[in-house]
Amino acid sequence: MPASVSTRLLLLVGDSLPFYRLSHVSRMACSRNSVRFLSRISSDREPLSLASLRFKSEFETAKKSRIDKVEKQSPTVEVTKSKVKVVRSKGIKAVEVSKSLEIDSTLFAAKSFTELGIPPLLLERLEREGFMVPTDVQAAAIPTLLKNHDAVIQSYTGSGKTLAYLLPILSKVGPLKNKSPNGENESGKRTEIEAVIVAPSRELGMQIVREFERLLGPSDKKMVQQLVGGANRSRQEEALKKNKPPIVVGTPGRIAEISASGKLHTHGCRFLVLDEIDELLSFNFRESMHRILEHVGNKSVADSRGPKGPLAIQADRQTIMVSATVPFSVIRAAKSWGHDPLLVQARSVMPLDSVTASGPVSLSGPTSISSSNPNMPAPGAKQSLPPALKHYYCVTKLQHKVDTLRRCVHALDAKSVIAFMNHSRQLKDAVFKLEARGMKAAELHGDLGKLGRSTTLKKFKNGEVRVLVTNELSARGLDVAECDLVINLDLPTDSIHYAHRAGRTGRLGRKGTVVTICEEPEVFVVKKLQKQLGVPIPACEFTEGKLLIPTSEASESVFVQLGTFLAMLLDDQAILYKRRVFSGVRPIHIKHGSDTAKLEDRKSCKS
Ligand SMILES: Nc1ncnc2c1ncn2[C@@H]1O[C@H](COP(=O)(O)OP(=O)(O)OP(=O)(O)O)[C@@H](O)[C@H]1O
């Protein structure tokens, strides 16, 4: 090891920090059942579970007569007596939670989809496709949506928000829905569009279509029609005419276009889903969204001169808005477009009216929703990151960024990597450099045609391409389960963009790492992101094929995690956590990939 490195007291970081349990603290957001499910996915170690925290988790249907009752009680998590103590055993420092968090988990402890009111045919399909246990957000959203509430669904990336709205729709629309009281399945009787799902990109739109098709099966897959831009429009119109699909999924521009041409009749539509709603609110989509909101589910001609303007039409449809990040603009829009909409999160369902711009509404609620103060955490960003993700940054010179990326991929032995850059013209260069060094890479951006985009994506998904170099196009919604590393070759513009990029890895409880490669003058931006997101982002280096962290950074990172842990255990109003940055701590060595880590010379740690 070079002298410069050895004198800097480095920490070798592996898959498990000594505070492994701390790194998973936010799994508290999961119900016991989904934790059980998640632990099946990463079964190589035991995660911190609600059971270990002694959460109450029986499914007590009888005790709850009406969902609305629950919905009105805003904070659903109650901290009664919490004691955290640091214990030492076998040289490992660990945190033991001795007593006792109470959670009103009736809505969020479903052991199976059966308990959520899904019809039998759909249950069969779910089972066939391997969906056995609902995730937390699904357990909260499905009963809420089945009761026809308008809703904003917010939970972290990769937590299964698509099925959270797709299942209630398929419970009421198409061939898998509940039979009518006289025993007849009414499928096929209606000829109108019953559900419109809008997504901001073609890739995401097509991914949603595939999720529908997977459950509908080959014989009924024509029940859903994709209307995404870049594809042949007249073919889409013909398919609409011929198949009369009850469900359409598309991008705003194409849906608005076909609707304006009179070939898409959505006035009788019952569901309007706006996926990645905060993105759909952007200026680019304004006109198309205006048309969609004005027409979908509005049987009578809308009064566009009403006091709230044309977009405030109270339609007959159920409006469902979805994103991992919910800034206040979304809350405002949802209040204006929906009938008493609810905010559905993994552990809470509350009226949107209880969400204000000025302050916290609940422990898990949108405490970070703020419309003005730039120093406040970015709206909704905190709850948007998968809890098991690890974040690092690495300082290098501009001309060495791609080489650092390559070393990072080797050091972490990453199999499937998404690297983000801000400008599409730089992507080709990065790909060229990687390929020249023998690393299989490909670029993905909006300037490629539809075919080029889908071919590249397919190659990435099936492992032919190891590094996908892309821009913001791929930051939202893209679901590649195998992606184990996200790299920011350029800094994201803010914490919301960071959260969506980061969320391409660590999907559904899997392991994932995010590394931001930046230049020295950009480090303050990373520090700011760390503060806004409430996650530790320590500096790292890549030496001798290993990811190394300077000791001071490691200590800070451990304490950011401890702070997050305490803040989650105890209401942040009740405890004022003071972060201590250690000084003079002797080196800590943790073997990469080992399950148990050694915290050497603990005596020198002053706590
Ligand atoms: N209950 C479940 N059991 C097993 N797999 C599931 C379940 N729910 C969802 N999944 C899978 O988890 C993956 C992530 O789901 P999805 O894309 O809906 O996440 P998301 O929350 O919408 O993420 P993002 O915010 O990034 O769009 C998908 O591959 C989906 O098929």
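Every residue, even glycine, has its Cβ placed from backbone N, Cα and C.
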Segment assigned the feature region 'Disordered' in TrEMBL (from 363-382, 503-522): 363-382
82-110, 111-139, 401-429 - the one TrEMBL records as motif 'Q motif': 111-139
Helix, strand and coil totals (DSSP H, G, I; E, B; other) for the domain 'Helicase C-terminal' (404-548): 62 helix, 29 strand, 54 coil
Secondary structure composition of the motif 'Q motif' (111-139) [DSSP: H/G/I, E/B, coil]: 17 helix, 0 strand, 12 coil
